[in-house]
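Heads up, the thing below is written out as structure tokens.
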Amino acid sequence: MPTRLTDYYELCKPRVVLLIVFTAMVGMFLATPGMVPIDALLFGTLGIGLMAASAAAVNQMLDRKADQRMARTRKRPLVTGHLDMVQSARFAAAIGLIGMAILLWLVNPLTAWLTLVTLVGYAGVYTVYLKRATPQNIVIGGAAGAAPPVLGWVAVTGTVDVHALILFLIIFIWTPPHFWALAIERHREYAEVDIPMLPVTHGLEYTRTQVLLYTVLLFIVSLLPFATGMSGPLYLISAIGLSGWFLIYAIRLKYAPKPGLAMRTFGYSIFYLMALFTALLVDHHLAPLLMREAF
Ligand code: HEM
Ligand SMILES: CC(C)=CCC/C(C)=C/CC/C(C)=C/COP(=O)(O)OP(=O)(O)O
């Protein structure tokens with residue numbers, strides 16, 4: 001890809017947005033016993049994806065000074081100068097507006113407005129205020145990252161359902177161990193740019209305890225889809241295995257920390273969410289089909 005295109009691509013935090021879009025799609029599939037209406041699937045996914053990418057671009061515009069001073073973020077296009085603020089603002093506005101229009105007119109207004117609230121929650125409230133205000137920044141800001149399955153659900157049904165809120169809760173509780181594992185590894189960088197992430201304000205030991213506590217909570221919350229009858233035994237087995245493995249990581253991180261373990265815990269957190277949502281999808285749609293074939 002020519003440089004300019006790859007720069008716009010990186011401005012969107014594509015790997016994060018991909019997982020966000022996937023969780024939204026799982027929300028869509030779980031909202032209905034049958035096939036998701038093709039227009040909700042297509043336009044819902046596109047609209048939510050474009051608005052998430054727009055939020056990520058605005059986040060990079062607002063954070064460019066801090067990004068410049070951290071090794072992890074130094075290669076971002078607004079830091080390298082490959083893109084300037086005007087280009088980025090035009091791009092973020094264009095994809096955000098297209099996304100909003102798609103959701104408003106081709107999906108439904110509730111999905112559009114809830115997605116807009118999510119965008120403002122992440123790009124505005126989290127990036128501008130929370131991130132620099134409190135070490136609970138990512139706990140509160142996590143609500144934006146947890147919203148996509150609800151948005152997907154609403155795209156199909158037009159209403160918010162309690163089962164959708166369970167999916168929200170899973171991502172909401174997953175966010176602290178996801179992020180704090182990385183923040184443990186990178187605490188010096190955050191301290192240098194005066195961002196009060198938990199390991200900076202409360203130390204590594206306290207953060208490891210919090211990661212462990214949230215992972216215990218995540219184990220319990222990940223059982224809720226089965227406990228409420230939304231998912232079946234296939235999901236239950238997957239959730240126990242995946243959450244159990246996460247718990248082993250968190251216990252080792254707390255009681256037997258060693259170099260590189262925090263980063264592997266962070267890597268596992270991403271695999272975990274992808275696999276857990278895949279399990280929800282397979283359990284809901286493929287397992288009944290396979291059972292029908294078998295008998
Ligand atoms: C407030 C909530 C969240 C915070 C603070 C956060 C923080 C981060 C950070 C700082 C990274 C960068 C790691 C690096 O550059 O090495 C990252 C990576 C990642 N996050 Fe999160 N995250 C949050 C929520 C989410 C959500 C909701 C998802 C998806 C559903 C997600 C998926 C990912 C993925 C896939 C990566 C890997 C990206 C890559 O390889 O470039 N995150 N997260
Ligand atoms: C549907 C919709 C509008 C969704 C928006 C939600 C969204 C894009 C959440 C992303 C979460 C995330 C990557 C946070 C890290 O930001 P950070 O600034 O702490 O991380 P950084 O240092 O890597 O930039």
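Every residue, even glycine, has its Cβ placed from backbone N, Cα and C.
Keep in mind that TrEMBL annotations are predicted by a computer and have not been checked by a curator.
Predicted, not measured: the structure shown is a model, and the values here were computed from it.
Annotated in TrEMBL:
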- 16-36: transmembrane segment (TRANSMEM)
- 42-62: transmembrane segment (TRANSMEM)
- 83-106: transmembrane segment (TRANSMEM)
- 112-130: transmembrane segment (TRANSMEM)
- 137-156: transmembrane segment (TRANSMEM)
- 162-182: transmembrane segment (TRANSMEM)
- 211-228: transmembrane segment (TRANSMEM)
- 234-253: transmembrane segment (TRANSMEM)
- 265-282: transmembrane segment (TRANSMEM)
(message) Should anything in the same chain at least six residues away from the transmembrane segment (211-228) have a Cβ under 8 Å from its Cβ atoms, list it; otherwise answer none.
(response) 162-163, 166-167, 169-170, 173-174, 176-177, 180-181, 184, 235-236, 239-240, 242-244, 246-247, 249-251, 253-254, 265, 276, 280
(message) Are the transmembrane segment (42-62) and the transmembrane segment (137-156) close enough to be called in contact, which here means at least 3 C-beta pairs under 8 A that are separated by 6 or more residues?
(response) yes
(request) Could you tell me what the rest of the chain brings near the transmembrane segment (265-282), counting residues at least six beyond its ends with Cβ under 8 Å? (result) 19, 22-23, 26, 29-30, 149, 167, 170-171, 174, 177-178, 181-182, 185, 211, 222, 225, 231, 234-235, 238-239, 242-243, 245-246, 249-250, 253
